[in-house]
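**Student:** Features from Swiss-Prot:
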BINDING   Arg185, Gly210, Asp237, Asp305, Val306, Glu343  S-adenosyl-L-methionine binding site
COMPBIAS  79-89  compositional bias 'Low complexity'
COMPBIAS  95-110  compositional bias 'Polar residues'
COMPBIAS  142-151  compositional bias 'Polar residues'
REGION    1-116  region 'Disordered'
REGION    142-174  region 'Disordered'
Amino acid sequence: MQRDTSLRDPFATEDESSASEIGRAPERRLRIPQNQLRNADERCEIRSPQPVPGPGLPRSIAVRTETAATSKDAPAPAPSLRLSLGLPRSRTKAHSGQTSDATNITSTARQADDAVRNTDSDALLSRLSALKLGYLPSEPFTQEFSSTLPSNGGHPTGRSGFPQPHHPGSSIRRSPLINIGTYLRCSTIDAEVESFLRQGCEQKQIISVGAGSDSRYWRIMADTDLSRRLHHYVEIDFEENTSQKLSRILKSPILRASLDTNSSVYGVPLSHLSQFSLGVPCHTGSESRQFDVIRSSKYSLLAADVRSLHPDTPSAERIDLEHLLGPASTGLDSTLPTLILFECVLAYIAPDRADWLIRHLGQRFAAVQALSYDIALAGDAHPSAKAVACVSSESESSECGQTVGTADSAISTSTTVASPAPPSRFGRVMLQNLEMRKLSLPGARAYPTIHAQSQRFAQAWSDSQALQIETSGRSLFSIWSDLGAEQRSRLSRLEGLDEVEEIDMLLQHYCIVQARRQRP
């Protein structure tokens, strides 16, 4: 029986069996002052547990409905225990003065960054679920990162109240909608990465921006043919994320096996780390800033906030691109073909900083490609979304969905777009639910269509030295529609998909964009 879940955002609800810990905005743990703790002899009032919102009902609506239903009977909480739903903790008390305002701004910014960092847990849970249920082919690497997952199951909380480790064995089952979306995302990107590595005889290199707990490097190294074609693989992410990833790599024999004997951790040779100790060397933060968490012959793990590469960043926080990606931190070669991966990254970055990053990464390498997976708030039903498949140019592909043109033609087509399209109804629901998790989408708002996201690469990479720029973009719905009947049937039967209309709407709001640039 089909559920009435129209306009449901995948982040809003989950399966009943895992709704308490997966896909929900991380709950903040209340810290009670020591003088307010109860004495062991005092009577303690026990309140009934809060009901779990039912599937298909946005959490904000579920919470408001439940609160209205119980407010008449339940006693009002003590003033010191009040929290404002959906607002940072700093807004629940009145503050005054410049110092308090500055503190509030800093706290809010930190909460927003923590929320973005925490999205890696969603992606990892989704891949684990798709692997467990047979959507994706089995591989042993992804599960090695699972113990770094946050959980809402009562585990200790870390900075800003976000739960810390999720232990193997916890429920990781996602809804069929999410599992199919994860399959389409992972299988499409995996196929494009493999195609890139197999092109020609040259070795290739890959830069994954916002890599999180991704296991792609290890999957490449497990393939004899692909591993010999890979020159170097670089992963960049927040320091908190790379620290967690380092811990898992050092504790996992399977993951450590792909690091050669000359590898180093924060500059310390891997061979110097005791095989009987799982301790991670401390990064002392010397005067010369060091970004390489792990440095191996074919792999570099870098701890950096890519937003700080922008020249408008305060000098104390600014990161030099040459210092980050130069020979001191990585084994990248600017003359080799390079693929840059942005998996659900650009949506969270202010458009001016993201465009600067795209442009300067493109200028750094002679032959560069980009593969971006992101949110399309306007969906693929908007007229400009279709234009990406049929933009006219001198060398337009005959197949709708692949636009190939020179730099000049790419720029001329981009000027025909009058203004950003507004989010669809479903896109607005997505924004509301993500904002409840302290997630802002400045990049997705600035580029709401697939066409706009495709053209941002053409604009960023167009200069007098460019020989050719090719761009294309497709929604996950388009990829789903083009699957063979046998494969779609297999995926639908795995869990008995009965939410046809909902999955179509969901897949229309996620896209994969490709761009390629070569110099003469």
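Quick reminder: no glycine exception, Cβ is built from N, Cα and C everywhere.
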**Student:** Using only the residues recorded as binding S-adenosyl-L-methionine (Arg185, Gly210, Asp237, Asp305, Val306, Glu343), report the maximum Cα-Cα distance in Å, whole number please.
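**Tutor:** That value is 24 Å for the farthest Cα pair.
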**Student:** Please work out the number of neighbouring Cβ atoms within 10 Å of the Cβ of Asp305 (S-adenosyl-L-methionine binding site), leaving out its own Cβ.
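**Tutor:** Taking every protein chain into account, the count is 15.
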**Student:** Taking the Cβ of Asp237 (S-adenosyl-L-methionine binding site) as the centre, how many other Cβ atoms fall within a 10 Å radius?
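**Tutor:** Taking every protein chain into account, the count is 27.
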**Student:** So if I draw a 10 Å sphere around the Cβ of Glu343 (S-adenosyl-L-methionine binding site), how many other Cβ atoms end up inside it?
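**Tutor:** That number is 21.
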**Student:** Residues with Cβ closer than 8 Å to the Cβ of Gly210 (S-adenosyl-L-methionine binding site), same chain and 6+ apart in sequence?
**Tutor:** Ile236, Asp237, Val306, Phe342, Glu343, Cys344, Val345
**Student:** Tell me the coarse DSSP state (helix, strand, coil) of Glu343 (S-adenosyl-L-methionine binding site).
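**Tutor:** In the DSSP reduction, Glu343 (S-adenosyl-L-methionine binding site) maps to strand.
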**Student:** List, in sequence order, the same-chain residues at least six positions removed whose CB sits under 8 Å from that of Arg185 (S-adenosyl-L-methionine binding site)?
**Tutor:** Glu343, Tyr373, Leu476, Tyr510, Ile512
**Student:** Please report the three-state DSSP label of Asp237 (S-adenosyl-L-methionine binding site).
**Tutor:** strand
